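Enquirer: Would you mind keeping the following structure in view while I ask a few things?
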């Protein structure tokens, strides 16, 4: 996982609540056995018609949002299936930061494990940023160390659990960290506390 | 006197391997279930890092998400075949037990865990699938994980997690006749919303929950994630012990079984234990439920109608959902005509689900123009159902009787509802495109799906006459 401290980028506003992972990456694209190359399938059924032509009622591919790397989304973003293909597709498409009033638990954890900065922000703030982003040239700057989002010179403070922050900033791999605790795992297994059948 | 604890706290505390203040706990995982879709990248990660599966003996794999439910010898989809071959190779390379699609133990991962007795009270159980909460019906702490976490569990048999906040979903009074576990969980999500459980582990309590069969409890716990809760569980009781008696991975010898069943029961929530939050619902007011929209909170009773946009706050979302579903405002549910019926999925594909649906179907015919399929949850469910003669009842009525898998719940195999099709489905998600791009899903109980198959529209199954009970 790449270490990340700061990110500045163009905002894409996704003004919908309860966006589920079936929308983020539809099931027909879950059959690949690689981690890469999922960006092209992001929001596929919203972006494309059956014949692969672009739909006009969804604006992710609108020129003005080209190069957007910060998504400002609605409530309960990423609900539904546990598919990690959802953050893989967002990241591969180019999104490094996702801001929403609330996230579904599994998506939140999956996104962090892939180095995506996920920020819970007040609903009012999210609404304001979504409105401003309609212009297509609205940028946000995220500073993970300071826990701030800066827009038009205005600084917004956000909360994030310190251990998530630490992992993102250092790009730590959970498995390597855990294997340093192997003695504890051995002790646990030997203690018989698991003791179930 | 010892502190009173909920089952959630008891299981968590029993599994803490390492705790640092201000950090998430490292907890031990007793059972890891694996399937073909969310595991290939995890095994590949192990390979790249030169790591092994720490406890192959606590890991069990099957193929369920994209297996065909007919003509299994001939997988037409090459990419699906490749994914299943990858699981076979990964299990062989890393020493993991696998029930492949021809194995007698094969089935939907959340059906076979309990069936084999791998699912037991007090265990921590994970799987790269959000419906892992199903196993909570046995008083296990069971939750879905992403592929990075699958790799973490394979390598270390542990996971990081915050001590969960606890929620009591208290269901007061009994369910009425003809009202099922499915209706109960749909009513809970309709009442409290699709994110009431976010950040919590939910325990379902109360008379209606205790009265449910183990299969009914699995249906309720299965859909916890649709209310936002990563895990939902029910304290174990004698029904739990009875269900597990004699299962393959449960001790057979009398003394050992007595000891383990005592331990199981000790996990039940202590009377008077406190939860971080309690919410309540009156079971006596619950009717058979039907989802009308595009998330599992968009649900109304069979006597109800689609919402009026003027009457709701989330006008955009409701308008979009009505449009996708091709329904109008204030449209009575009984006026909605369907053209597909799917009885199956990890929510409702166990023997009692199929039997209850068959009792409605018996001696009747699926209405002309409706494509109806039954997909048993496992090979074992299929053979037990066939012993009861359920396959004949379904086939005579015009249903197709298939082999086990996830099937049309998410349409990763060929069982896809076509664009514009409208399905009465016993599955768990009515998201846009879930059953097929442009397909419209209405979530219902097996009984309601069966009645809809005959009538071609939704009807109140409570007023539906059945020929006779199947014994």
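Yeah, the Cβs are placed from backbone N, Cα and C, and that goes for glycine too.
Heads up, TrEMBL stuff is auto-annotated, nobody curated it.
Sharing the feature lines straight out of TrEMBL:
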type    : residues            : note
BINDING : B:346, B:406, B:409 : [4Fe-4S] cluster binding site
Enquirer: Determine the most Cβ-crowded residue among the binding-site residues B:406, B:409, using a 10 Å radius around each Cβ and all protein chains in the structure.
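Expert: Most Cβ neighbours within 10 Å: B:406.
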Enquirer: Short of 8 angstroms on C-beta distance to chain A, which of the listed binding-site residues (B:346, B:406, B:409) are there?
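Expert: Going by the Cβ criterion (under 8 Å to chain A), the binding-site residues yield none at all.
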Enquirer: Please list, in sequence order, the residues in the chain of residue B:346 ([4Fe-4S] cluster binding site) that are at least six apart in sequence and whose C-beta is under 8 Å away from its C-beta.
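Expert: In sequence order, B:108, B:109, B:110, B:111, B:131, B:134, B:222, B:377, B:406, B:409, B:428 meet the Cβ cut-off.
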Enquirer: What are the other residues, in sequence order, whose C-beta lies within 8 angstroms of the center of the C-beta atoms of B:346, B:406, B:409 at the [4Fe-4S] cluster site?
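Expert: Near the [4Fe-4S] cluster site, beyond B:346, B:406, B:409, sit B:64, B:65, B:108, B:110, B:131, B:344, B:345, B:347, B:349, B:405, B:407, B:410, B:427, B:428.
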Enquirer: Does DSSP put residue B:406 ([4Fe-4S] cluster binding site) in a helix, in a strand, or in coil?
Expert: coil
